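J.: Structure provided below as structure tokens; questions to follow.
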Amino acid sequence: MAFANLRKVLISDSLDPCCRKILQDGGLQVVEKQNLSKEELIAELQDCEGLIVRSATKVTADVINAAEKLQVVGRAGTGVDNVDLEAATRKGILVMNTPNGNSLSAAELTCGMIMCLARQIPQATASMKDGKWERKKFMGTELNGKTLGILGLGRIGREVATRMQSFGMKTIGYDPIISPEVSASFGVQQLPLEEIWPLCDFITVHTPLLPSTTGLLNDNTFAQCKKGVRVVNCARGGIVDEGALLRALQSGQCAGAALDVFTEEPPRDRALVDHENVISCPHLGASTKEAQSRCGEEIAVQFVDMVKGKSLTGVVNAQALTSAFSPHTKPWIGLAEALGTLMRAWAGSPKGTIQVITQGTSLKNAGNCLSPAVIVGLLKEASKQADVNLVNAKLLVKEAGLNVTTSHSPAAPGEQGFGECLLAVALAGAPYQAVGLVQGTTPVLQGLNGAVFRPEVPLRRDLPLLLFRTQTSDPAMLPTMIGLLAEAGVRLLSYQTSLVSDGETWHVMGISSLLPSLEAWKQHVTEAFQFHF
């Protein structure tokens with residue numbers, strides 16, 4: 001499998017020693033160097049296939065493009081703001097994170113922030129250290145009976161919910177992905193955002209920073225909130241519009257805010273940090289010994305599992321590949337690449353629409369991981385993209401002038417096992433269709449344009465194939481073709497024919513090497529092409 005040939009990994013930020021040990025026990029060489037400049041980082045990466053970072057190292061486009069051997073970047077943490085995902089994807093570099101490692105620590109910090117907001121603990125502490133005794137100034141509010149709005153109900157959001165419910169808080173929330181039935185199972189009633197704002201005494205955000213979540217809390221939404229609402233952001237700077245938050249604090253619409261993250265870190269504009277009703281931390285959500293150890297352990301295990309071909313988890317820029325490492329899917333990935341390579345050789349760098357069709361119950365959801373493999377086969381030589389792979393295939397196929405669609409049909413009546421994996425290429429009204437399936441763990445070619453092979457043709461990476469179509473059954477044809485092979489110094493290793501379809505027969509020869517030219521062949525047959533994937 002691709003991405004399973006790592007040899008050496010650079011760890012460029014401080015991580016728990018368990019990370020290095022797990023990598024080494026998994027057979028990987030490990031180099032640990034911290035506080036590297038961009039130039040030093042590039043120099044170190046010249047001999048590394050893998051890179052593991054936390055948040056300090058900036059994996060920019062310059063770094064990615066200069067790191068010729070780099071195949072995988074692992075972020076020991078959740079956010080990947082410090083990795084240029086577009087540049088990594090374009091170069092076919094896999095980016096992974098550890099989505100579970102920080103969850104508990106971030107949730108606990110959020111809960112602590114809510115309690116501090118309710119009782120003004122940091123402000124009271126500062127007052128005491130200043131030699132004052134101001135009991136009346138720091139009148140707080142109970143959490144019991146208050147409503148907490150949780151925006152984002154993934155791992156962290158649900159951990160916050162269950163903890164704050166123990167304080168007697170009513171938890172409501174919103175998440176476009178998590179179903180209301182699932183959130184109800186951990187005690188959160190989902191409502192539309194416009195219904196959430198006026199109900200909440202406290203609001204906490206736990207979403208990624210996306211165009212749709214940037215400025216989620218803004219002047220308009222603050223105006224819809226209950227007067228005196230308190231806001232917590234331990235997720236990503238920018239989800240809460242900092243200018244709008246400051247205005248809401250100054251007007252009293254917002255009674256307090258607790259911020260662990262900022263649009264700019266560290267923030268140069270100190271207006272929010274210095275506001276008396278703002279509690280702030282220097283991005284401490286993952287700063288616990290347990291989270292650091294867990295993140296280091298998780299990213300190392302993910303690297304080792306990937307190298308061994310066991311699994312692929314935590315993928316950020318190619319989520320469809322997660323299933324590509326399953327024992328069932330692996331041979332289908334090989335089949336898809338083989339059919340893509342066949343199509344490129346047959347149709348001659350096609351332009352138009354590539355249709356990837358899966359059939360059979362076991363392939364119902366496989367289209368998203370099979371279509372990139374088809375694209376790899378189509379583009380690997382035709383576009384001279386030596387580094388085209390399952391990560392960047394969908395990006396590069398658009399630049400090649402191709403459109404890719406996927407569809408699925410159920411198994412044929414009476415079909416018990418795996419369905420067929422089909423690929424159709426439409427080219428200026430001249431359809432090309434190759435049909436394949438997997439027998440055991442071997443990809444095989446079942447048919448071309450309706451002509452069926454019995455038995456099917458094995459598709460092996462070490463076996464070049466020559467395919468040609470004839471209209472008549474000429475007894476002298478096979479000796480002639482073998483003679484042409486001999487003239488080119490190429491040996492015949494296997495030979496199969498299709499059943500006759502519309503008066504024509506497809507022939508498939510396994511040969512020792514690709515022929516330098518097919519011109520002599522085309523004088524004797526209707527069409528011919530060869531490929532090796």
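Cβ atoms are placed via backbone N, Cα and C, with glycine included.
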J.: Given that Swiss-Prot annotates Thr78, Arg155, Ile156, Thr207, Cys234, Ala235, Arg236, Asp260, His283, Leu284, Gly285, Ala286 as NAD(+)-binding, name the residue from Asp62, Asp175, Asp219, Asp305 that shares the site.
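T.: When Swiss-Prot describes the NAD(+) site, the candidate it includes is Asp175.
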J.: Of Lys21, Lys170, Lys310, which one does Swiss-Prot label SUMO1 cross-link?
T.: Lys21
J.: Annotation phosphoserine in Swiss-Prot: match it to one of Ser14, Ser183, please.
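T.: The phosphoserine feature in Swiss-Prot corresponds to Ser14.
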J.: Tell me which residues of the chain lie with their Cβ under 8 angstroms from that of Thr207 (NAD(+) binding site), as long as they are six or more apart in sequence?
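T.: Looking at Cβ-Cβ distances below 8 Å from Thr207 (NAD(+) binding site), excluding near sequence neighbours, one finds Leu151, Gly152, Thr213, Leu216, Ala235, Arg236, Ile239.
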J.: If you count the other Cβ atoms within 10 Å of each Cβ, which of the recorded positions Lys58, His283 comes out on top?
T.: His283
J.: If you count, for each of the recorded positions Lys21, Arg236, the other Cβ atoms lying within 10 Å of its Cβ, which residue has the minimum?
T.: Lys21
J.: Compile a sequence-ordered list of residues in the same chain as Glu265 (active site), six or more apart from it, whose Cβ lies below 8 A from its Cβ; state 'none' when nothing qualifies.
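T.: Those within reach of Glu265 (active site), by Cβ under 8 Å and sequence separation of 6 or more, are Gly237, Pro282, His283.
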J.: Drop a 10 Å sphere on every Cβ of the binding-site residues Ile156, Ala235, Leu284, Ala286 and tell me which sphere holds the fewest other Cβ atoms.
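T.: Fewest other Cβ atoms within 10 Å, among the binding-site residues Ile156, Ala235, Leu284, Ala286, is found for Leu284.
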